[in-house]
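Q: Please read through the structure below; I'll follow up with questions.
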Amino acid sequence: MATKLAALIALAAFLAGPAASEAASICFNGWLKLPTYNPVLCRPRPDVQTRQRRPAPSGSGLTSGYYNTRCPSAEKIVTDAVKKAVDANPGIGAGLIRLFFHDCFVRGCDGSVLLNTTNSKNSDTEREGPPNQNSLRGFEVVDEAKAAIEAACPDTVSCADIVAYAARDASYFLSDRKINIQMPGGRYDGRESFSNETDQLPGPFSNLTALQGSFAAKGLTSDEMVTLSGAHTIGRARCLFFSSRFSEMDSALAAKLRAQCGNDNNNVNQDDVTPDVLDKQYYQNVVDKKVLFTSDAVLNSTETITQVTENANMAGAWERKFEKAMETMGKIGVKTIGNQQGAEIRKVCWRVNS
């Protein structure tokens, strides 16, 4: 209880702080189970609350094999760095997939999630937002790949592309090489990053309407939302985000989790069956009430259960949809030379060029 109260106080203080821009609005209700809905603490973005879908991301300017002549070793350098990290700790692979998602949903896939030094000289970057602070992983893999690429091909490969390639490669290795995402390149890096803009990320307490609204605001369909949610078959989760749901879960799983969750800050596997494999087990878990978050459980609804059961029962179906959905997500709000201001190829991924 003390941990939850402290989190609520911290969030309230965060929401009371200055906005990143005049038009910004904040709603982290999907990340904290508030006792009651409070419009003062939650000023929802219109584009997140509506079900109206934006046009699908086009990815204009992105191409497959973008670095084949510009920097032929680039993709292999990323692949080698990811393989080494995943072999040592599969959880880092899960972190790299999540890092890509959290990058693309805020300011588009522009590497802004990596910044702690921005063009505006602000320190409250996306890394400090409530959904990201002390929870994102994989930065060291991106930095290692970037350093090696800069040595081979200076000022050529963006950090945004490295994040995208790393998520692609992590998906490949964690799925026992069953998922092959055709990830194009050509993204440029953004120069701004603000913590309060991470309110666009759907959270563990999001209901179905909020989930669909968040994805629709990025040009993604409800089916793509269900498909990308399958990434919750890997990685770990803090007990704080699901300990209120024990009575709604499968009783055997709930008993096991209660024993593991003596502290709200403890972490447990998101998938208790195949925790280190990126596979369709997540969808059977949804049906069997063996998922952790509210945002997982709500997929067992009349509106989405058809997609869930198809993914659970049809061999290879989810993997192919996941490949396409990840490629589509990688096209959200991309910055490419000639059509976006304030874009660059960073020399170091965590700071803008001077």
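Placed from the backbone N, Cα and C atoms, the Cβ positions cover glycine too.
Under the heading signal peptide, TrEMBL lists 1-23. The domain 'Plant heme peroxidase family profile' annotation in TrEMBL covers 61-353. Residues or ranges marked as disulfide bond by TrEMBL: Cys71-Cys153, Cys104-Cys109, Cys159-Cys349, Cys239-Cys261. Look at TrEMBL and you will find His102 tagged as active site, proton acceptor. Marked as Ca(2+) 1 binding site by TrEMBL: Asp103, Val106, Gly108, Asp110, Ser112, Glu126. If you look up TrEMBL, you'll see Pro202 marked as substrate binding site. The heme b binding site annotation in TrEMBL covers His232.
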Q: If you average the pLDDT over the domain 'Plant heme peroxidase family profile' (61-353), what number do you get?
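A: Here the predicted model's pLDDT, averaged over the domain 'Plant heme peroxidase family profile' (61-353), is 96.
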Q: How many Å lie between the Cα of Cys104 (disulfide bond) and the Cα of Glu126 (Ca(2+) 1 binding site)?
A: 12
Q: Can you list, in sequence order, the residues of the same chain other than Asp103, Val106, Gly108, Asp110, Ser112, Glu126 whose CB lies within 8 Å of the CB centroid of the Ca(2+) 1 site?
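A: Neighbours within 8 Å of the Cβ centroid, excluding Asp103, Val106, Gly108, Asp110, Ser112, Glu126: His102, Cys104, Phe105, Arg107, Cys109, Gly111, Val113, Gly190, Ser193, Gly333.
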Q: Recorded positions Gly108, Cys109, Glu126, His232, Cys349: which have a Cα within 10 Å of the residue listed as 'active site, proton acceptor'?
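A: Those near the residue listed as 'active site, proton acceptor' - Cα within 10 Å - are Gly108, Cys109, Glu126, in sequence order.
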Q: What residues, ordered by sequence, lie under 8 A Cβ-to-Cβ from Glu126 (Ca(2+) 1 binding site) and sit at least six positions away in the same chain?
A: His102, Val106, Arg107, Ser112, Val113, Leu115, Asn132, Ser193, Phe194, Ser195, Glu197, Thr198
Q: In sequence order, which same-chain residues at least six apart have a C-beta under 8 angstroms from His232 (heme b binding site)?
A: Gln270, Asp271, Tyr282, Val291, Leu292, Phe293, Asp296
Q: Taking each of Cys109, Cys159, Pro202 in turn, which of these recorded positions have a Cα lying within 10 angstroms of the Cα of Asp103 (Ca(2+) 1 binding site)?
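A: Qualifying among Cys109, Cys159, Pro202: Cys109.
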Q: What same-chain residues, at least 6 away in sequence, bring their CB to under 8 Å of the CB of Cys109 (disulfide bond)?
A: Phe100, Asp103, Ala160, Val163, Ala164, Arg187, Met329, Gly330, Lys331, Ile332, Gly333, Val334
Q: Just jot down the residues in the same chain as Gly108 (Ca(2+) 1 binding site), at least 6 apart in sequence, with C-beta under 8 A of its C-beta; none if empty.
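A: Looking at Cβ-Cβ distances below 8 Å from Gly108 (Ca(2+) 1 binding site), excluding near sequence neighbours, one finds Gly190, Ile332, Gly333, Val334, Lys335.
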Q: List, in sequence order, the same-chain residues at least six positions removed whose CB sits under 8 Å from that of Asp110 (Ca(2+) 1 binding site)?
A: Asp103, Ala160, Arg187, Tyr188, Asp189, Gly190, Gly333, Val334, Lys335, Ala343
Q: Under 8 Å Cβ-Cβ from Cys153 (disulfide bond), six or more apart in the same chain: what's there?
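A: Correct list: Tyr67, Arg70, Cys71, Ser73, Ala74.
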Q: If one measures from the C-alpha of Cys239 (disulfide bond) to the C-alpha of Pro202 (substrate binding site), what distance in angstrom results, rounded to a whole number?
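A: About 18 Å separate the Cα atoms of these two residues.
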Q: Counting every protein chain present, what is the number of Cβ atoms, excluding its own, within 10 Å of the Cβ of Cys239 (disulfide bond)?
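A: So the Cβ neighbour count for Cys239 (disulfide bond) comes to 19.
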Q: Find the shortest Cα-Cα separation between Cys261 (disulfide bond) and the recorded positions Cys159, Pro202, Cys349, and name the residue that gives it.
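A: Nearest listed residue in space: Pro202.
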